[in-house]
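Record features, source Swiss-Prot:
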{"type": "BINDING", "residues": "23, 80, 120, 454", "note": "(6S)-5-formyl-5,6,7,8-tetrahydrofolate binding site"}
{"type": "BINDING", "residues": "226, 245, 247, 250", "note": "K(+) binding site"}
{"type": "BINDING", "residues": "226-231, 245-251, 270-273, 335-338, 358-360", "note": "GTP binding site"}
{"type": "BINDING", "residues": "230, 251", "note": "Mg(2+) binding site"}
{"type": "DOMAIN", "residues": "216-377", "note": "domain 'TrmE-type G'"}
């Protein structure tokens, strides 16, 4: 497949609807307009026309929009046909267009890919299109739109420009060592480097917020049978998502709920009670529970407050704690406070968070919601914020590491050449976000996750 091909795809969701849109982009778009419409519409005006078959009979009628390149979404000639949204009608029209030479069905995300390749969008903006479509909350949608409008890219580009200026200064000091002013030791480079590092830290903090909005937080509820795990899932979900009985081992498989806390997506996972099980089905459920625990962002360790007064997880169940991944955050949830009379609320026990609540009555559950939000550093007021993906966080972290290494070289040995190289690598890491330095393989993976007509 070539980027010189003319591509066509349905731009509206499959199925029946009031309107169905076909989008065509490429050199042959003009020929499609003349063949199907009988004329070339006036650029950027809505023209109501019949959509004709090869023999001149009308297949449909609707709005035609003509956007000659480079003033179009893709930067190429683009034709949009907006007809009726019946799948049969759209299929007939699509088949008609594909009878013309030089046209093919677009790959997923190929329209956005062409916009990127033709400098209509950078890579972060192109990704924001998919994120806007997939947004699961109002806040996520607003942040995705900010990214599409360039909020994230602008911040990254400012960092790249600052690094470029700093590299020029450092390399001038290297190339002209006999000058009276020692650029490397006069403090100016260190001051500029500190400014860039502080700006990068601010962008990283906002990117983590944006990643939380997009990816969400995976929270696994784990503990012994009958500790109240399913009751807590229901309390957090606000509905009867799980069956709750007094019979130990009622939950035998993984249950998932997706909720939002002040805009932050939360993936809650209820698991089978952990114990030595002789029943094969329950044993499989317990193994699945451990698989989810190992992939969690946080574990809610449910404890039946009527069975123990211990609050330290190592005292409550040392074998469970020993099996957990080393850096996995734990919140001990002492349940059934309505029966024990314990004081509700959050406290700290040996570096672990402890919360007392009643999953049955809902008392203390709001404290848990706030704790989950705060534990991830999530801020509800993100006006002007942007969405970020995991690869963006990795690129920002790589850039920060290179700047740390560069500063160490500057302060330790006044090694200008090594500092300049670390600045170059940091600049390259940041440029991967916007696509200035990005492999073709990565581009393929990114755009293949898009909708067909985007």
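Placed from the backbone N, Cα and C atoms, the Cβ positions cover glycine too.
The structure, with features from Swiss-Prot marked on it.
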{"residue": "23", "record": "(6S)-5-formyl-5,6,7,8-tetrahydrofolate binding site", "DSSP class": "strand"}
{"residue": "80", "record": "(6S)-5-formyl-5,6,7,8-tetrahydrofolate binding site", "DSSP class": "strand"}
{"residue": "120", "record": "(6S)-5-formyl-5,6,7,8-tetrahydrofolate binding site", "DSSP class": "coil"}
{"residue": "226", "record": "K(+) binding site", "DSSP class": "coil"}
{"residue": "272", "record": "GTP binding site", "DSSP class": "coil"}
{"residue": "336", "record": "GTP binding site", "DSSP class": "coil"}
{"residue": "358", "record": "GTP binding site", "DSSP class": "coil"}
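Cβ neighbours within 10 Å of residue 230 (Mg(2+) binding site), excluding its own Cβ and spanning all shown chains: 24. Local packing around the Cβ, expressed as the count of other Cβ atoms within 10 angstroms, is greatest for 229 among the binding-site residues 120, 229. For residue 358 (GTP binding site), applying a Cβ distance below 8 Å and a minimum sequence separation of six or more within one chain yields 335, 336, 337, 338, 339, 344, 364. When the binding-site residues 23, 336 are scored by other C-beta atoms within 10 Å, 23 scores highest. In the predicted structure, the domain 'TrmE-type G' (216-377) carries a mean pLDDT of 83. Taking the Cα atom of each, residue 226 (K(+) binding site) and residue 23 ((6S)-5-formyl-5,6,7,8-tetrahydrofolate binding site) are about 56 angstrom apart. Cβ neighbours within 10 Å of residue 226 (K(+) binding site), excluding its own Cβ and spanning all shown chains: 20. For the pair residue 80 ((6S)-5-formyl-5,6,7,8-tetrahydrofolate binding site) and residue 229 (GTP binding site), the C-alpha distance works out to 52 angstrom.
Taking Cα separation as the measure, residue 272 (GTP binding site) is nearest to 230 of the binding-site residues 23, 120, 230.
Recorded residues residue 229 (GTP binding site) and residue 23 ((6S)-5-formyl-5,6,7,8-tetrahydrofolate binding site) have their alpha carbons 49 Å apart, per Cα-Cα distance. For residue 120 ((6S)-5-formyl-5,6,7,8-tetrahydrofolate binding site) paired with residue 230 (Mg(2+) binding site), the C-alpha to C-alpha distance reads 49 Å.
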